[in-house]
Amino acid sequence: MTSPCSPPLKPPISPPKTPVPQASSIPSPPLPPSPLDFSALPSPPWSQQTPVPPPLPLPPPPAATGPAPRHVFGLEKSQLLKEAFDKAGPVPKGREDVKRLLKLHKDRFRGDLRWILFCADLPSLIQEGPQCGLVALWMAGTLLSPPSGVPLERLIRVATERGYTAQGEMFSVADMGRLAQEVLGCQAKLLSGGLGGPNRDLVLQHLVTGHPLLIPYDEDFNHEPCQRKGHKAHWAVSAGVLLGVRAVPSLGYTEDPELPGLFHPVLGTPCQPPSLPEEGSPGAVYLLSKQGKSWHYQLWDYDQVRESNLQLTDFSPSRATDGRVYVVPVGGVRAGLCGQALLLTPQDCSH
């Protein structure tokens, strides 16, 4: 099967970049103010007649109550994000969010199959501007460099210094792999030729073992995959998969008490890997994904993701005329994103 992108099996090590469109330069964002250096402040006048009393001790910090604050990069600069943050309810924990999602979509699942859920817990992070790829990498980094990965600001800084991005955008899967290896210290395997064929089994086995997958795709209005020829190119991270199987292996799985027919691997217990659904079996594989415009997991049909990823060929006309600079590899979106994805594993992992 041929794809419309026909990417090379191995990406070039150092592809030159072509800025699109023309612009002189992008001003660097202002540096945050440095903390006050109290030792540099002038000492108050001293007198034998009026001794200065010692300062009162600071009150103890308030006790932490409720869930930890959500990660929102750019909240201090964006009024829109502030308003959305204030109106939003608490973010559910990973497993609670997945359970909510499965209950919401239970009518989509084939009744002739049993379902096994493999899902690593990912944090959420809301992007600011065209940072979807770096935000997806940050989320993946929490599984690769525990306990909390690396700061998003560092990913942005290194990507900018290496010439991978001008303002947070990432139009090259190969560059994303180089960035992940350098900053997260992980292994990065670039898949080309689409998510079907032999790559399909690689992806599913990767997700079953709990490792993250970075996927470029075209984003619809509800953040789901669509087909816009790359005009809505976006990034997501998947760290979970829902498999429809004829029979659940007897070793290491337990049925969900609230959703009959759904099984989970038992933590801390060896489990027999399930047989992967055959390619071409409709509605048998779903990816659990997150992306930088929502707090929540999303459930996507694997074939829908594969088709969206395989048609990323053109640079968005609206971006080409917005007066900003974007770093695009030689060969454009077709060469940088089409039919490609990134498998990430910890450095010490033999998988």
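Start at 1 and count along the chain as shown; that gives each residue its number.
Note: Cβ is positioned from N, Cα and C throughout, glycine not excepted.
For the residues SER6, SER28, SER145, SER316, Swiss-Prot attaches the annotation phosphoserine to SER316, which does not rule out the feature elsewhere. Following the DSSP three-state reduction, the secondary structure of CYS132 (active site) is helix. Confidence across the region 'Peptidase C39-like' (124-244), taken as the mean pLDDT and rounded to a whole number, stands at 96. The Cβ of SER316 (phosphoserine) lies under 8 Å from the Cβ of GLY230, HIS231, LYS232, ALA233, each of these being in the same chain and 6 or more residues away along the sequence.
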